[in-house]
Each structure stands twice: as structure tokens, then as C-alpha cells.
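In what follows, a structure is listed as C-alpha cells, so that the remarks can point back to it.
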């Protein structure tokens, strides 16, 4: 028992590892919970997390458009192989009972981290496009929501009571209001429609308005593939033609339009160019059956080459069919032979650089098929990617990589009738950067794979490897994204002109939607950067103003310091002069001395009096020095007598006090010079 338990644990560990590798869920607890909900059934758990689309999605969900959804889901065996990490073999293009999945990023189990798709985390969100008469409502709900919650939202949007509403379009049949969406294992994008039998539709006011409304309606075609015993639920606008529907079904079932045998079209649908709105089919849902019809001259299935080659139109296809039935060889049917058409290779081996190889390719292409062809980018794949993806958002373009193979019987037809068609050349020139390479030589093919691995990752490289020679030439449509580049479409050599144009236009729709988002983000980023630049400039101006103010303040302070220093120096100089004068003064004579004494009383500007005795024989200079020693220098003050008023400072400093008549006593006053 212990060994059985150990083996069971080992098996579950392997299932857990495979489940995480295929879904990209890193949280172990989350992965174990999902596996336990499916009783550790690996395929059921994977389908629950990454549900497969059934049929072709409408353009209402442009972000989900890819080749994988265009070609339908893989079988359970393919899903199991993908889950176990084994390589999924490419389906045979001649088998009518298989639904071919073209090699693309979704054709490989995402074990390799470089090819891992983005996996929704819990809670998983589901998108719904709900059609009601001429209105469309887009909803986004969690997987845990119920049908009742959808009806409640529609009741608000459409102003229709939920009780009178019938919600149709579920792939699992009728459901109840209490049904939880998770139990239906729905894909991320879903198309539904509302029926209101109890509410009469509003009558159209005119025939033209009724026709316009019918063209805008979406028709759900439930198409049963009889041989494969498989149903496809496809949504088409009323403006689509029956021919376009048949071509889309050709992609799904691998039955060329000329071999399709239909049941269920109304008698009024007599012309394939008729739109669905005028064909008389039931709205909003119509059931059809398709199967492969046998050739009139030969009951066996058509050969692989005949089944794979899509001609320019059905009438041309019938001509080629007749040629095949009468034993005409493929090379004769295309009007060429392998020896007569290839005078020189498209691209020489071992070119020194990609630019030289592309120059040779362009010259050889022009010599074979004429001058009317796409303008091929001359340069490396890296340079072409830079030109297409990394400029301004408004200037970006899609990258179209044309891969040529002279060993394929389809190459001459594709080049002459597709790549040289005026409409294709014009459309590619306006909206794409077209880069080309020749993979006829193994060395050139290996070089291409190395370049693709370096610039686009291993998914694109593995995608190119899976295509066989008879499927070439290829046209890869690559869109640049923020994190990694994405291959939107791989167009094979057996494509008609109108189908090629439709695929290019479909890729442009996806690219335009992404480009508008990028332009919006870029404009917002530039606006933020402009605001930041303005703020930085304002901050810089503020800093500059502060700096100038600070410098002015520093200059002012320095000037004040200088002036203060000068003032102090002057005061110190004055004080030194005063002290020196004070020390040089002769001693004041005694009042009782026998000499003539002059007693002088000097009034200062502040009102104080200076009194001193001088010898009558003293010079006036001694008087001036005395006054200066008291802080009143001769240069700034004048000494005046009271009455009569005389300016003593104007007298000769060498004269005596007696000569100046300042004896025996006198009152003087100091006055500042003007």
C-alpha cells in the first residue's frame, strides 16, 4: 500500500509539473486546487484554465484574434500531447476529417518560457458581446458570476425586463439563471444574443433603413462538418457575402470552396456574391451542413496538391481541377518547369551582409516578375524591425516578412499573381515594412532562423521550421509590442488575392487598435514629461532667483562687513592720532605759576565744556591739538569765539594765544565744518 501511495504521489507530482508548464501558473496551491476540481484530469484542467475557441471570433474582440482561434480548437489527443510536453505533429492538409491548426505560437505547449502565453490569474474574467436587434453590449464578468447577473446588467443596458429575456448562444445548450459561468468552461471571449418573443420589434420606417439594419445585424451560423462530425458556431455581420463564409469554412475544414457541398442554404441564396442579410437565412441563428463532394470524373479524394492550392477564383479553380483530372502535371499547369524558370538563385549563399543579399534578391525578383512588386527593405532584419516598431507611435508600421522558396511549386504563382498585384503592392507599401529572404538554400534558411531567434524568440523560429517546402512561400505579419513582438498571421502560398487582402486588412485592424492605445499612452507620457519639464524649468528659475538673491545678500553683507571694518580702522586710526596728540600736549601749567596763563573754556556740540589752562605763549596749534585729542579733529570742526564771532581755526596755527587775543581767558565753542 505504501508503494502504491508513493507511485500515486509521483504521478500527481508529474501532473502538477505538466499542468504548471502548460498553463504558466506558478502558484502551487492554486494549481493543486484547479487539478483537484477536475479530479487530477490533466486535459480537463488545462481546458478549464485555457479554454479553446470554437469557430471564428468576430472583430468585437480584436485583442483575441489569432490564427489559433481562426482554425478552431485542437483535439483531445493534441491537448494531451501538448500537456505532456511532446511535439504535436502538423495535421495533413489532405485529410478532410481533421481541423488543421496552422503552425503559430499557439500550436506549441508553452513549456518553453519564451513561448509561454499570458495566462489569466484568479479570478478569471470573461468577455461577452451580447447582440440584441441593432444593439451590441459588451460585458466583462468574473467566472464566478451567474447567468442571472448577466441578465440584470442587460436589463439596465437594454431596458428590457429580465423575466422577458432569453439569453442564447451558449455552446453547452440552454442554461438556467442560477448556472455559474465557471461550470460552462467558457472561453475568454463569447458571443451571445438576446431573444424577446413577448416584445414586438419596432417597425422600420422605410425599406432602406430596414436593409441597413439587416446589414448591421450579426448572424450566428451553426455549421456541421459531416465527415469530421464537428460543429462550428460562427458569427458574421449581415454585410458578409456567402463566398466569404465559404472561404472561412475552407480554412476551418480544409475543404476548398469548389469541393464544398452544402445543405441548408435557402432557395433565395442562389448567388455566392449575395450578402447574408439578403440571402434569406434565419435570424439570429441558422443551421447549415457542409461536406466534401467527390470529383465528377474521379470518385476519389482530390490530390493533396489540388486540395491545397487555392486559385484566384472559383472559376479558375474549376479549370485547374479539370487539368488535374486529365493528368496534367503541376509544373505544366502553372506554365513553367523547374529547369526553365530558375536561371539564377533569388539569393546567393554566404553573402557578407543582409543588405547585399537583399539587393540581389530585389534585382532577381524584378527580373523574374517585373518592376511592380513591394518595396523590399534593404538591410538587416534588426534594422527592418527598428524601422517598423521603434519610432514614434504614429509612425510605426507592421512588419511583413516574405519567405521565398524556389523548390515550392506555389512560388511563381504567389509572386506573379499575389505579390505583384497592384492592390497588394499598394497596401503593403502604405502600411507595412516589407522584408524578404530566400530559404531555398539550407545555409540561407539556417541564417534566417538564427536571425529570427535573436530578434523574435524561439516561437517564431519553431513556427517557420514546421512549414514544409510545398507550403511556401510564406508571408509573416509581425506586430511590435511593448514587451515582445507578436506574429499576427502566417499566410501560406496557397492563398488567393482577396483572401490575402482580407488577412492583411485584419492584421491592420488589430495593429490600428494597438497603435491608438500606444499613441494615447505616448501623448499622455509626453504631456507628463512636458509638465515635468515645465516644473523643472520653474524650479530651476526659482533656484536661480534664490541664488541671485542669496548672492546679492552675501554681497551686501560683505559690503557691510567691509564698511564696518573701514569704519573701525578709521576709528582706530583716529583714536591712535588722538592718543598721540594727547601724549604730545605740553603739561597744563599751574595756576600760580609766574608766567602768563590763558584759561580757555570750550563748549562742545553736545553741550559739554572742556576747560584747560595754557601758557599765553603757546601756539594755536597746541590748542588745536588739545581739541583734536578730545575727539574733535581740526579737519572736521572749527573753533569759534562767542563775541565778537571769530573763526580761530582760520588763524595761523603758529601764532600765540596772546596774539590771537585769547588771554587771559576766553570762552570758545566747537562747530562742525560744512
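Heads up, the Cβ atoms here are built off N, Cα and C, so glycines get one too.
Those TrEMBL annotations? Automatic predictions, nothing curated.
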Per TrEMBL, the range holding region 'Disordered', considering 60-110, 111-161: 60-110
Segment assigned the feature region 'Disordered' in TrEMBL (from 472-495, 496-519, 520-543, 544-567): 544-567
Arithmetic mean of per-residue pLDDT over the domain 'UBX' (593-670): 89
The region 'Disordered' (544-567) - residue tally per DSSP class, helix then strand then coil: 24 helix, 0 strand, 0 coil
